[in-house]
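Peer 1: Here's the feature list from TrEMBL:
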BINDING   Gly81, Gly82, Leu83, Met84, Arg103  substrate binding site
BINDING   Asp104  Mg(2+) binding site
Amino acid sequence: VADALLKIDNPYGGFLPDIVMFSPEYLAGNSKLIGPVFTVKCVPVSDVTSPKPSQHFADAVPANSVVFVSAPPDTINAVWGGLMNTRAKIRGAKGVVVDGRVRDLEELRADGLPVFAKAISVLSAKAFTRPTSFNEPVFLNGNYDPQIKINPGDIIIADLNGVVCIPQKDLDRVLELCDKYVAMDQKVKEELLKGTTIQQSFALHRK
C-alpha cells in the first residue's frame, strides 16, 4: 500500500512513523486493522480557548471506524486506556491508532481490539490533556515537511509492519496499483525460489 501511494506522489507513502502495535500483542501476531478514520484531537489542559465537546469521545465513536487520537506533542500521559477501549469496542470500532501514549495494556489486550500507539504511560489524561474536537483533520506529531495529514474518512491499514493512512480520494487508484504490484512481487518470489538472482528476477518481472 505504501509503495502504491509513493507511485502516486504521496510524499511519505501514507506511512505514519513510530506508531506500532501494542494490542493484542506488542510487535507480534498477525492482527490487521482496516477501516475509515474517526479523529479525536486532544490539547493541553492549559488550553482554555479550544472548544470543549459536549460528550465523551468514546461515546461518539462510529461503528466500523478506526479511532485516531491525536495527542499534543511530547505528552507524557496516556490519551487512551482500558475503559475508553471497552466503550469503543461496544460501539463497534475496528481498532485504535494513537499519535501518543496508551495505558492499561492488560485491558486493551483482553478486549481484543487492535491498538497502535507511539508509547505507553501510567498517567491518566486528567491533569495533562483533554479532547477538543472530533472528526476534524489532524496532523501527525513530528518535524515533517510537508506535514502528514489525517482526514476523517481516510482509510487506515495497520499490522505488524506499521500504520499507513490512505487518503480517501486515492483509494481506488491504490487498490488498482496494489493488485498490479502484488502480482509482480509474487512472480519475483517464484523466480528467487528457483535460484534466480534478485537482479535477474527484477529485470524479468518489475518492469
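Glycine residues also receive a Cβ, built from the backbone N, Cα and C atoms like all the rest.
A TrEMBL annotation is a machine prediction, not a hand-curated record.
It should be emphasised that the depicted structure is a prediction, and the values quoted were computed from it without experimental measurement.
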Peer 1: Out of these binding-site residues, Leu83, Met84, which one has the fewest other C-beta atoms within 10 Å of its own C-beta?
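Peer 2: Least crowded of the binding-site residues Leu83, Met84, by Cβ count within 10 Å, is Leu83.
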Peer 1: Provide, as an integer number of angstrom, the distance between the C-alpha atoms of Gly82 (substrate binding site) and the residue listed as 'Mg(2+) binding site'.
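Peer 2: Here the two Cα atoms are 5 Å apart.
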Peer 1: Measuring Cα to Cα, how many angstrom lie between Leu83 (substrate binding site) and Asp104 (Mg(2+) binding site)?
Peer 2: 9
Peer 1: Using the CB centroid of Gly81, Gly82, Leu83, Met84, Arg103 as the substrate site centre, which other residues of the same chain sit with their CB within 8 A?
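Peer 2: Nearby residues not in the site list: Ala78, Trp80, Asn85, Thr86, Val102, Asp104, Glu107, Leu108.
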Peer 1: Among all the protein chains here, how many other CB atoms are within 10 A of the CB of Gly82 (substrate binding site)?
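Peer 2: Other Cβ atoms within 10 Å of Gly82 (substrate binding site): 18.
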Peer 1: Counting only residues 6+ away in sequence within the same chain, which have a CB under 8 Å from the CB of the residue listed as 'Mg(2+) binding site'?
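Peer 2: The answer is Ala78, Gly81, Gly82, Leu83, Asn85.
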